[in-house]
Amino acid sequence: MNIVLIGFRGTGKSTVGKLLSKRLERDFIDSDQYIESITGKTIKSIFEDDGEEGFRKIEADTIAELSKVDNKVISAGGGVVLKEENVRNLKEKGFLVLLEATPEIIYKRISQDEKTTQQRPSLTDKTPLDEIRHLIAIREHAYSNAADYTINTSYVSCEDIVNEIITVENKQSN
Ligand code: S3P
């Protein structure tokens, strides 16, 4: 069974995913990094060349491929839940953990994260904090429908989040 971290940008998927993979001694796969390695382009330049629609197609193909692996920790890009087929594919061998955080905390985290320039192009013409609020409102249902388990990461340490995921995944697989 894979553990798949889903949720909006800046909710802690990569940080928690890396720690979790170390603790469980499983490989860690980040879908955005995987896309960048197979296309040889940054997420930002894929958006510039092919638009969001083009990116979503590449993302769906990548998720279909990654859904075939087993026993990994996978961090899925924030928009993966927008296509039902992605969620269906990931669920075949995955336990989906939704990470959430307040818009203000997300804004703070992503504006301090060096990954943001290359991997997080603007998705609307709104100011950053408004964009976060707007997209979370639009995606809320898709996130909660996809989730097998949800953790709010706003005020919890990464260590505690990792422990919680391990506990719940153990219960799930026994
Ligand atoms: C996106 C989130 C990003 C990346 C792309 C689109 C989104 O991933 O896939 O910029 O639509 O929310 P992270 O959630 O890993 O930042």
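Including glycine, each Cβ sits where the backbone N, Cα and C put it.
Small disclaimer: the values here were computed from a predicted structure and weren't measured.
Features as listed in TrEMBL:
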- GLY10, THR11, GLY12, LYS13, SER14, THR15, ARG120: ATP binding site (BINDING)
- SER14: Mg(2+) binding site (BINDING)
- ASP32, ARG56, GLY78, ARG139: substrate binding site (BINDING)
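Closeness to ligand 1 is met by ASP32, GLY78, ARG120, these being the binding-site residues among GLY10, THR11, ASP32, GLY78, ARG120, ARG139 whose Cβ falls under 6 Å from the molecule.
When the binding-site residues ASP32, ARG56, GLY78, ARG139 are compared by Cα distance to LYS13 (ATP binding site), the shortest distance belongs to GLY78. Taking the Cα atom of each, ARG139 (substrate binding site) and THR11 (ATP binding site) are about 14 angstrom apart. Counting only same-chain residues six or more apart in sequence, the Cβ atoms lying under 8 angstroms from the Cβ of THR11 (ATP binding site) belong to GLY78, LEU99, GLU100, ALA101, ILE106, THR153. In sequence order, ASP30, SER75, LYS115 are the residues of the chain that are 6 or more apart from SER14 (ATP binding site) and have a CB within less than 8 Å of its CB. Long-range Cβ contacts of ASP32 (substrate binding site) within its own chain (separation 6+, distance under 8 Å): ILE43, GLY77, GLN119. In the structure as shown, the Cβ atom of GLY12 (ATP binding site) sits within 10 Å of 23 other Cβ atoms.
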